[in-house]
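Some notes on the structure that comes next.
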Amino acid sequence: MRPNIVTEAGVQTRVNQWWNAIPFLTSSVVVVCGIIYLICLLTGYDSFYEVCFLPSAIISRFQVYRFYTAIIFHGSLLHVLFNMMALVPMGSELERIMGSVRLLYLTFLLATTNAILHLLIASLAGYNPFYQYDHIMNECAIGFSGILFSMIVIETSLSGVTSRSVFGLFNVPAKLYPWILLVVFQLLMTNVSLLGHLCGILSGFSYSYGLFNFLMPGSSFFTTIESASWMSSFIRRPKFIMCTGGNPSSYIPTYSVQNTTSSGFSTGNAWRSLSSWLPQREASNQSSEDSRFPGRGRTLSTARDPTAPTGETDPNLHARLLEDSSSPDRLSDATVTTTAEPRQVPVANTAVLPQSQGRVAAPEEQIQKLVAMGFDRTQVEVALAAADDDLTVAVEILMSQQA
């Protein structure tokens, strides 16, 4: 036996599956930020004052390019790793909803509004007639975390969750989640830009409440860009998501049906991203599952007394069956009595269907939600049928087919 070889092959396969599941724009941002950090590391470049967001330089020398160069540079290995691992789950969900081109436009919009808010607040603090905070004007800020805080607010608004977990330690109301993260990071980490993160939260809320609607073009604008000849090489990429049919305010399915708590920008998402491609031992109740038939099966219950409470079987069932089967005249009655009835399984976001009518087509609302995520309508209908109209399971089936 050579278990080491099997383990190494499993890790490599899971790494490839994890990376291939990340949409085009999100993976491109990870690659760009990673390459820039490696180049800075190998060349010894540390003159971040030339590229960081520096309010005094922007105002005095009108260096507007700092709006965008500041978000792709990072100061340390942990800085870039933490930001990119937080970007992968949030950016992937938003890109599947909005499309690659629309999310790219939104990223530039958030970078611009974050910078403008940062500049305004810094100017008010540095040049007010009462007390001047000169150090704020000379604060050099770099990193993608400002955009991440905006994405946290937007993703929380779209997901519709009511509470979120802070590093898996305790739950907080979803509306307070970004603010609590802002305070936690400021207390736990040194050299953290409070103003940069604050402006990211303000931009995220501005987008969520529709204040940026006049800055967001319609679907025809993004369709025109996607139909351009110079975009053909990008569109042919398997991870590229078209904006056609996308809805920036549509619903993002959560991963849990029974619990609406989501971890968002926390170590929980980063750990799920890492552990998703690590070799794991299958549980005993999943080992017999056939990959050709995805989804969750329904357990058939035995016949029970109509007057008995739900979920409790008739203790005299065996004796009655033996008594009925001994009489030919009552054979038909025994057959009717022993007919199994399917146990009603609660499934989120599905209508209750009468058993006499059989299975009907999946609700159009669920189909539209998955089509808005970039999936083909035919594949969506098949996945919903296989998942018994369970939206979460259908997303997992569609993602596994793409992988």
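Indices start at 1 and increase along the chain as displayed.
Here the Cβ of each residue, glycine as well, is placed from N, Cα and C on the backbone.
Features reported for this protein in TrEMBL:
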TRANSMEM  21-45  transmembrane segment
TRANSMEM  65-82  transmembrane segment
TRANSMEM  103-124  transmembrane segment
TRANSMEM  136-154  transmembrane segment
TRANSMEM  166-188  transmembrane segment
TRANSMEM  194-215  transmembrane segment
REGION    282-318  region 'Disordered'
DOMAIN    361-401  domain 'UBA'
Among 21-45, 65-82, 136-154, 166-188, stretch most in contact with the transmembrane segment (103-124) (C-beta, under 8 angstroms):
136-154
With DSSP as the reference, give the number of residues of the domain 'UBA' (361-401) in helix, strand and coil.
30 helix, 0 strand, 11 coil
What residues in the same chain, six or more past the boundaries of the transmembrane segment (21-45), come closer than 8 Å to it by Cβ-Cβ distance?
72-74, 77, 80, 83-84, 87-88, 91-92, 95-96, 100, 103-104, 107, 144, 234, 237, 239-241, 399, 402-403
Within the domain 'UBA' (361-401) only, compute the mean pLDDT.
80
